[in-house]
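Database features (Swiss-Prot):
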type	residues	note
MOD_RES	Ala2	N-acetylalanine
REGION	12-38	region 'Disordered'
MOD_RES	Thr18	phosphothreonine
COMPBIAS	28-38	compositional bias 'Basic and acidic residues'
MOD_RES	Thr54	phosphothreonine
MOD_RES	Ser180	phosphoserine
MOD_RES	Lys264	N6-acetyllysine
Amino acid sequence: MAATFFGEVVRTPCRAGTEEEEEEEDGNRETPEDREVRRQLARKREVRLFRRQTKTTLEVSLLEKHPCSKFIIAIGNNAVAFLSSFVMNSGAWEEVGCAKLWNEWCRTTDTAHLSPTEAFCVFYHLKSNPSVMLCQCSCYVAEDQQYQWLEKVFGSCPRKNMQVTILTCRHVTDYKTSESTSSLHTPFLKALKTQNFKEPPFCSLLEQPNIVHDLPAAVLSYCQVWRIPAVLYLCYTDVMKLDLITIEAFKPVLSSKSLKCLVKNIPQSTEILKKLMTTNEIQSNIYT
């Protein structure tokens, strides 16, 4: 800037600044190659639902093809192991779909035989009562994929006469409290429910200012918007890998209306859980 004799301030042209702006504009200009890479990446990140048995893609949302009255969703390794041991072991379940996901944290597997250490998102219904559905999701669903997941699973106009139960875990350091987290007895359960969920939850409600994250939050928000009765049981733990004590912290939920009729033999299920943990330890041991 420069000042005239009359005190007027005028701008002097600066070629350096202009050149920098031009270089910045050139850098921001998208090339056809950039657009193609972006299209391919977006295509790769699309959430797809398909039948592994037939390798066919589902053309409609999962719940349009398989209407349900109860939908139980386990998200994360410990919640998945809980359903595998205590619910899926108590009845004959049939796979009805599988989500294919690709993102920075997850590559879902297409194999028919899944282990607890693999990333997968599989849907089942109960053979004796197909209106009861279950989802085991051990993989990470990125923020830009959550809406796609909801659309592919629930559809654009979901049924309101169903009840959704969500099980998941968070590390105890995410729990906000006036107490020291070291004084908390972990693991422990907290619940969060939609306005239309009228049953009393089997643990205390999650207090403010605590919030839920990722896919569990997306599912609960979706149910709240569409007035679907839904409850989220959130287990706070200090062990995020597959852990027997964390898995058993979900046991109070077995008394809920959604799960009570699905569980037959808890002692036998506990033994199956212990075998599952042993198998996982063997698979995780680099020396075997």
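In case you wondered, yes, glycine gets a Cβ from its N, Cα and C as well.
The distance from the Cα of Lys264 (N6-acetyllysine) to the Cα of Thr54 (phosphothreonine) comes to 32 Å. Summarising the environment of the residue listed as 'N6-acetyllysine', the number of other Cβ atoms within 10 Å of its Cβ, over all protein chains shown, is 12.
Each residue of the compositional bias 'Basic and acidic residues' (28-38) gets a DSSP state, and the totals for helix, strand and coil are 8 helix, 0 strand, 3 coil. When Cβ atoms from all protein chains are considered, those within 10 Å of Thr54 (phosphothreonine) total 7, not counting its own. The separation of Ser180 (phosphoserine) from Thr54 (phosphothreonine), Cα to Cα, is 52 Å. Taking all protein chains in view, 7 other C-beta atoms sit within 10 angstroms of the C-beta of Ser180 (phosphoserine).
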